[in-house]
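Pulled from Swiss-Prot, these are the features on record:
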- R23, E88, R127, K459: (6S)-5-formyl-5,6,7,8-tetrahydrofolate binding site (BINDING)
- 223-381: domain 'TrmE-type G' (DOMAIN)
- N233, T252, V254, T257: K(+) binding site (BINDING)
- 233-238, 252-258, 277-280: GTP binding site (BINDING)
- S237, T258: Mg(2+) binding site (BINDING)
Amino acid sequence: MKEFDTIAAIATNLGESGVSIIRVSGDKALSIVSSIFTGKNDRKLDDIRTYSMRYGFIIDKDTKEKLDEVIVSYMKGPRSFTAEDVVEINCHGGVVVTKRILEEVVAAGARLASPGEFTKRAFLNGRIDLSQAEAVIDLINAKTELSAKSALEQSEGKLSREIGKIRNKLLEIIASIEATVDYPEDDLEEVTSEKGRESVSKLLDEIDSLLDHADEGKILREGLNTVIVGKPNVGKSSLLNALLMETRAIVTDVPGTTRDVIEEYMSIDGIPIKIIDTAGIRDTDDVVEKIGVEKSREKINNSDLTVLVLDNSRGLDDEDKEIINFIKDKKYIVLLNKMDLESKIDKEALKELNSKYIIEISAKTGSGLDKFKEVIKELFFSGKVASKDVMITNTRHKEALIRAKESLEASKNALDNTFAIDLASIDLRNAWKSLGEINGDTVEEDIIDKIFSKFCLGK
């Protein structure tokens, strides 16, 4: 285990609440907190047992004034989250008292932790690997139960074990090839090449199996970026409100009411959907509305799915056609809204749209919305949302797997030529290194720092 100084931070949201927690980690954690703690009969924390709690007060070290009534818990390393001695002060929630206690902890010798530093220490101390550390923040940020389940499984090491198995198999192939290179025999080289090709083919199948559902995994982690577009007053905001089952956007008969982008999350059978309601796209002289229209175009360009809303009670006009032309190369669904009104739209003209999904809905009555949700599942999850044994949810992991696959394919080509068997060993080591980036064995330090910088304070 590495040696670090003792760090402290508020581990809960800072605000009015029932309880706040100040977390302290390091070899001096217990002595630091003990110096500002007084229990019943002036009892300190010197004799506290690991995995136990003690009632008392946090005091101002200089004035001996009581700051708050607390319960202190102690976990002796390495059997703690960071694999170090960890003390947690459970105090009353509230900004003033929580900050005041943290100030006393720092004054007593601790250093303020940087974002994600507790989890980073767990990684550097070998308690978790990098993919497990990333799963911690994914679990915190999960928007649906399915997202949370996927993150929890990764935090428990499911992906780590799978990657570890593949890397161990790679080492066996490398050892076999390098032994053949060191002790060359013509017939042995041929046998090694043949066995190596078979083994590499099996590993390629395993990596392909992991990559097969990576796009689905990314959606579970980040949400399906879904942009609602259309000209003003076709019912985009009404659709957003209907999907969320609450009044989130202002709805009026005045075109251009929505002038900015509104983003909210919803769940479709566990799929986190990031719904983005945009300003109606049209030519306008209004400066504020014009900014909203430009934002709408940006969101469309960065979307996973575009939802084009057309007004069934009116025919297609030039504004509709301009939007259709703008999104024609995107993956999009067409919603014919206001089906509760008389239909005036030209259905034949709609057949020319580059979308096989044209759904009749009424945002006002909710008619057709279930069909819309089923189509989203069909488009991105083949109609069924199922948790796979091991799900690749992180783009960084996907890219590492792709690099490993490319190296394995290169090694297979080298093994086809027994004269280049030593080159295969180089490619196999590159694949092993790429896979090691997933669990952190071979990743660069700046990437590690970047990953943990995305964490919140106290985690």
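Every residue, even glycine, has its Cβ placed from backbone N, Cα and C.
Computed from a predicted structure; not experimentally measured.
Here the candidates are the binding-site residues N233, K236, S237. The one whose C-alpha lies nearest to that of R23 ((6S)-5-formyl-5,6,7,8-tetrahydrofolate binding site) is S237. Secondary structure from DSSP puts S237 (Mg(2+) binding site) in a helix. Closest to K236 (GTP binding site) by Cα-Cα distance, out of the binding-site residues E88, R127, K459, is K459. Spread of the (6S)-5-formyl-5,6,7,8-tetrahydrofolate binding residues is 19 Å (greatest Cα-Cα distance among R23, E88, R127, K459). In this structure, N233 is the one among the binding-site residues N233, S237 with the smallest number of other Cβ atoms inside 10 Å of its Cβ. Burial estimate for the binding-site residues (R23, K236, K459): highest at K236, by number of other CB atoms within 10 Å. Taking the domain 'TrmE-type G' (223-381) as a whole, pLDDT averages 81 in the prediction.
Closest to N233 (K(+) binding site) in space, going by CA atoms and restricting to the binding-site residues E88, R127, K459, is K459. According to DSSP, K459 ((6S)-5-formyl-5,6,7,8-tetrahydrofolate binding site) is assigned to coil rather than to any helix or strand. Within the same chain, the residues at least 6 positions away from R127 ((6S)-5-formyl-5,6,7,8-tetrahydrofolate binding site) whose Cβ sits under 8 Å from its Cβ are P78, F81, T82, A83, listed in sequence order.
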